[in-house]
Amino acid sequence: MAFNLKNRHLLSLVNHTEREIKYLLALARDLKRAKYSGTEQQTLKGKNIALIFEKTSTRTRCAFEVAAYDQGAQVTYIDPNSSQIGHKESMKDTARVLGRMYDAIQYRGFKQATVNELAKYAGVPVFNGLTDEFHPTQMLADVLTMLENCEKPLNQISYVYMGDARNNMGNSLLLIGAKLGMDVRICAPQALLPEDSLVTLCQQFAQQSNARITITDDIDLAIQGVDFIHTDVWVSMGEPLETWGERINMLMPYQVTPALMQRTGNPNVKFMHCLPAFHNSETTMGKQIAEQYPQLANGIEVIEEVFESSANIAFEQAENRMHTIKAVMVASLA
């Protein structure tokens, strides 16, 4: 079946086929090699891209900006403090304004409905840099990183997500594994597993791709022989301190420790994290949590010993955000 990614949105990967996702991964690999070898060709000269950030970011902003500059495009960074978005102007109107000035729009914020609305009214490609529900650019980077760190073909790679699986990382890792025919395992307390509607959708994708999906609260079942362990933060800034205790107590068995890595039975298992990670109490929020919960002074979702070990490939993930985002922009705009 022929496909065309020209002028395509990237909103969640729900509407991307297995072949389209694999094409983006192959393009990202090629662009990465070209950058490393100094042979990269600029294909986005004259393009202008708006970067809307309702949520702050380090990796997403830097990845989009560097990827755009590498390809000859110009970007404009827009945040709530420097625009009328959400204050005096609706997202619908913002989309119709920016769509007349820019060739594409990136959005990083809260509701998936917001990025969908942008895509509906902008008239230009819209790329989801993160919403509460999905994180598609991170998924492309994660799969590229797994391919680079495993000699198995894609359909034989196994990975598990540990922790609060109701968030964008749990949702997105379930989705992309189902799309690509991988062995994907979601491991969380029953109260923190993905929504049934998403699970049903991903099971349908898995039937088409021959993916293996395991959703469980049984840690030993989920991690057995796995190639990669993913996790994400358990708490977010702005959440009331009193709500942390119940969730932390629920998630403590799912903390990524050396013992948990060993329980996989795979001496080559790798650790992955979308970052930022609370692996010690050196940050402001890490200190705040450690004061309230002293048992977490050496890390929350992952402890320092794992994070600083050779098993950690999270910084390769972070770099691959740039290469995969570049692939998305080139495929859509070049």
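Numbering starts at 1 and runs along the chain as it is shown here.
Note that Cβ sites are derived from N, Cα and C of the backbone, with glycine treated the same way.
The carbamoyl phosphate binding site annotation in Swiss-Prot covers Ser57, Thr58, Arg59, Thr60, Gln84, Arg108, His135, Pro136, Thr137, Gln138, Cys274, Leu275, Arg321. Per Swiss-Prot, the feature L-ornithine binding site maps to Asn168, Asp232, Ser236, Met237.
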Please compare the binding-site residues Ser57, Thr137, Ser236 by how many other CB atoms fall within 10 Å of each one's CB, and tell me which has the fewest.
Ser236
Would you please pick out, from the binding-site residues Arg59, His135, the one with the fewest other Cβ atoms within 10 Å of its Cβ?
Arg59
By a simple count, how many Cβ atoms lie within 10 Å of the Cβ of Asp232 (L-ornithine binding site), its own Cβ left out?
24
Ten-angstrom check, please: count other Cβ atoms within 10 Å of the Cβ of Arg321 (carbamoyl phosphate binding site), all chains counted.
27
Inside 10 Å of the Cβ of Asn168 (L-ornithine binding site), count up the other Cβ atoms and send me the figure.
21
Considering Cα atoms only, can you say which of Asn168, Asp232, Ser236 is the nearest neighbour of His135 (carbamoyl phosphate binding site) among these binding-site residues?
Asn168
So how many other Cβ atoms are close to Cys274 (carbamoyl phosphate binding site), meaning within 10 Å of its Cβ?
25
Pairwise Cα distance for Ser57 (carbamoyl phosphate binding site)/Ser236 (L-ornithine binding site) [Å, integer]:
14
